[in-house]
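My questions will all concern the structure given below.
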C-alpha cells in the first residue's frame with residue numbers, strides 16, 4: 001500500500017508542494033552542481049578547528065576555576081557545553097571521513113575528541129553510518145525514528161510522557177548509547193558483541209570502549225583528587241549542556257518543519273528521497289561555533305563533504321533541489337525560534353501508520369490528557 005500526500009491549496013489558491021513526490025532529478029545531478037573545491041579536504045584546516053576548540057575549552061576551564069564565582073559558573077556552563085558540542089561535531093567529521101583523506105588521522109583525532117566527551121568513537125561512528133545509509137526509513141533508520149502506531153499504543157502512558165515531554169527527550173543521548181534500540185537492531189554502543197556491529201568490527205568497538213573507559217576513570221580519579229563538586233562544575237554540567245545540544249540539533253535535522261515531511265518504507269524508499277527529508281537550520285551566532293552542522297541536507301546526501309564547504313555546496317545545489325530544499329528561517333543572534341519548533345514537534349509528532357510505504361507523523365490527541373481528566377470527560 002502506498003500513501004501519498006495530496007496536493008492541497010493554500011489561502012491564495014496556490015497548489016502546495018508534495019514533498020513525497022518522486023524528485024525529477026538524480027543524486028548525480030546534485031553532485032554535478034557542486035563546485036570541485038567543495039570536495040577537497042584539508043587536514044591542516046581541519047586540525048586548525050581542533051586547535052581552536054581545544055584552546056577555547058582549556059581557556060574557559062582555567063577561567064572558571066580561577067574566578068570560581070557563582071556569577072561566572074552559569075556563563076561557563078553554557079559556553080563550555082556548547083564547545084563540547086563543537087568538539088563532538090569535529091569527531092563526527094572524523095567518523096565520516098570528511099575531516100581528511102588520512103584514515104589514521106581521522107581515527108586518532110576522532111578517538112581523542114569523542115573519548116573526551118564520553119562518546120565511544122567507533123561504536124557511535126558505525127551506528128551513525130547506518131543512520132546515513134537509511135535516513136528517512138521507518139524500519140532501518142537508527143536516529144529519532146518514528147514509532148509505528150501499534151508499538152506506540154502498546155506503550156504505557158507514563159512511557160509516552162517520558163518520550164514526548166520537553167526537556168526529557170533532550171537528555172536521551174547517554175541512554176541511547178547504552179540501550180539503543182531500533183526496529184532492526186539493539187544493544188549498547190560499548191559492547192563489541194552488540195547486534196549493532198558486525199563480527200569484523202568487534203576489535204574496533206573494543207578499542208573505542210577502552211578509550212571511553214580511560215576517560216571515565218580519569219574523571220573518577222579527578223573526583224578523588226580535587227573533589228566531585230569541582231569535577232561536576234568543570235565537566236559534569238557542561239556535559240549535560242552538550243547532551244542537550246546534541247539531542248536538540250539532531251532532532252531538528254529530521255523533525256519540526258512547518259509542513260509534514262514523509263518517512264518511507266519498502267520500494268518507496270531510496271537514498272535520495274530519504275536524504276531530501278532532512279532540514280537545514282540557521283543557528284545564528286552558533287553556526288560557525290558548531291561548524292555549520294545546521295547545513296544538513298548536503299551533509300546527509302554527501303557526508304564526506306568537509307563542514308567548511310557545506311554552505312558553498314548548498315548554495316550551488318539549490319537550483320537543482322528546487323522545492324525539495326526547504327530554506328531555513330533566518331535566525332537572530334540566538335536561535336530562539338528553534339525552541340518553538342522543537343517543542344511544537346515533540347507535542348504533535350508521535351507515531352506513524354503501521355501500513356503504507358509513504359507515511360507522515362500523526363498526533364495522539366489524548367497524550368497530554370491525564371487520567372483524572374479522562375475520567376471527568378467520560
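A Cβ is built for glycine as well, from the same backbone N, Cα and C atoms used for every other residue.
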Of the residue ranges 204-226, 273-295, 296-318, which one carries the transmembrane segment annotation in TrEMBL?
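TrEMBL lists transmembrane segment for residues 204-226.
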For the annotation transmembrane segment in TrEMBL, which listed range does it cover: 232-252, 337-357, 358-378?
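Spelled out, TrEMBL records transmembrane segment over residues 232-252, not the other listed ranges.
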Other than its close neighbours in sequence, what residues sit by the transmembrane segment (232-252), given a CB gap under 8 Å and a spacing of at least six beyond its ends?
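Hits for the transmembrane segment (232-252): 61, 64-65, 73, 76-78, 80-85, 88, 117-118, 143-144, 167, 169-174, 219, 279, 281, 283, 290, 293-294, 338, 341-342, 345-346.
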Determine which residues of the chain contact the transmembrane segment (161-179) at the Cβ level, with the cut-off under 8 Å and only residues 6 or more beyond its ends counted.
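Contacts with the transmembrane segment (161-179): 118-120, 123-124, 155, 186-190, 240, 243-244, 246-248, 251, 342-343, 346-347, 350, 367.
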So what's near the transmembrane segment (204-226) in sequence-distant terms, Cβ-Cβ under 8 Å and 6+ beyond its ends?
111, 114-116, 118-123, 126, 189-192, 194, 197, 235
In the same chain, who gets a Cβ under 8 Å from the transmembrane segment (103-124) while lying at least 6 residues past its ends?
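Contacts of the transmembrane segment (103-124) (Cβ under 8 Å, skipping residues fewer than 6 from its ends): 43, 47, 50, 84, 87-88, 90-91, 94-95, 97, 174, 177, 188-190, 194, 196-197, 201, 204-205, 207-209, 211-212, 214-216, 239, 242.
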Counting by DSSP, what is the helix, strand and coil composition of the domain 'Fatty acid desaturase N-terminal' (11-61)?
30 helix, 1 strand, 20 coil
